[in-house]
Amino acid sequence: MGQEICVISFSGGQDSTTLAIWAAKRFKKVYLVGFDYAQKHSVELECAQKIASLLKLPYEIIQLDFLENITHSALFKNSNDLIGHSHVQNKDLPNSFVPNRNAIFITLLHSYAQKLGANNIALGVSQADFSGYPDCKEDFIKSIEHALNLGSNTTIKIVTPLMFLSKAQEFQMAKDLGALDLIIKETHTCYQGERKILHAYGYGCGECLACQLRKKGYEEFQARF
């Protein structure tokens, strides 16, 4: 039965929504989990709730707002840093990086999967078109899967079907799934939380790194597919 249940890290963005629709066609039961970590773009949680309702999938929010008190990121509400610069703790990373965020998310998803009797966790991470975050890479995902299973005596799989897809390929995947319109109009990616301006690729400020990646991907999708 556990092979038929999947727990998904769900932000309401392009990646995780495409993933949720993909998973709903492959698993008997899918559970969506969002995280409130005091992010500036908390509007994504509202989008996630609406999308979960549209997809008729159960959705839980886990509170992690303590993160802004123990580490640095320009994504936190208490930060006045402008997104687009180097991280104060590591100059090789963008300041939108939240240290250990994915490690925390995945650890909690792993615990929840055990409670549900699920043997699958699905993540919308990609190292093809990503924001320079090391915790989105395949080697990290494989390592934490191994570590958590060792620590829990489990065999839970972490599934990452978007790992080597570009944003353009993700738009094509959404089209193939019959969900392109939903991805464009309902998902949220913008770090600034902008939901007033609808571009061809979706809502957003059009300037932040997240919007730039999404815009570039959509333009490539239109040109290639």
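Glycine too: its Cβ is placed from the backbone N, Cα and C atoms.
According to Swiss-Prot, the protein carries these features:
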type    : residues                                                                    : note
BINDING : Phe10, Ser11, Gly12, Gly13, Gln14, Asp15, Ser16, Thr17, Thr18, Leu19, Ala20 : ATP binding site
BINDING : Cys190, Cys205, Cys208, Cys211                                              : Zn(2+) binding site
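The Cβ of Cys205 (Zn(2+) binding site) lies under 8 Å from the Cβ of Cys190, Tyr191, Gln192, Glu194, Ile197, Cys211, each of which sits 6+ residues away along the same chain.
Residues Cys190, Cys205, Cys208, Cys211 make up the record's Zn(2+) site, and a Cβ search at 8 Å around their centroid adds Thr189, Tyr191, Gln192, Glu194, Gly204, Gly206, Glu207, Leu209, Ala210, Gln212 from the same chain.
Sequence-distant neighbours of Cys208 (Zn(2+) binding site): residues of the same chain at least 6 apart with a C-beta under 8 Å from its C-beta are Ile83, Gly84, Cys190, Tyr191, Gln192.
Figure note: comparing Cβ neighbours within 10 Å for the binding-site residues Ala20, Cys211, the maximum is reached by Ala20. Residue density at Ser16 (ATP binding site): 26 other Cβ atoms are found within 10 A of its Cβ, drawing on all protein chains shown. Under the DSSP three-state reduction, Thr18 (ATP binding site) is assigned to helix. Other than the site residues Phe10, Ser11, Gly12, Gly13, Gln14, Asp15, Ser16, Thr17, Thr18, Leu19, Ala20, same-chain residues with C-beta atoms no more than 8 angstroms from the centre of those residues' C-beta atoms, the ATP site, are Ala48, Ile51, Gly124, Thr187. Look at Cys211 (Zn(2+) binding site): DSSP puts it in a helix. The Cβ of Phe10 (ATP binding site) has 30 neighbouring Cβ atoms from other residues within 10 Å, across all protein chains displayed. Taking Cβ-Cβ distances under 8 Å and a sequence gap of 6 or more within the same chain, the neighbours of Thr18 (ATP binding site) are Gly124, Leu162, Glu170, Met173, Ala174, Leu177, Ala179, Ile183. Counted within 10 Å of its Cβ, the other Cβ atoms near Gln14 (ATP binding site) come to 26, all protein chains included.
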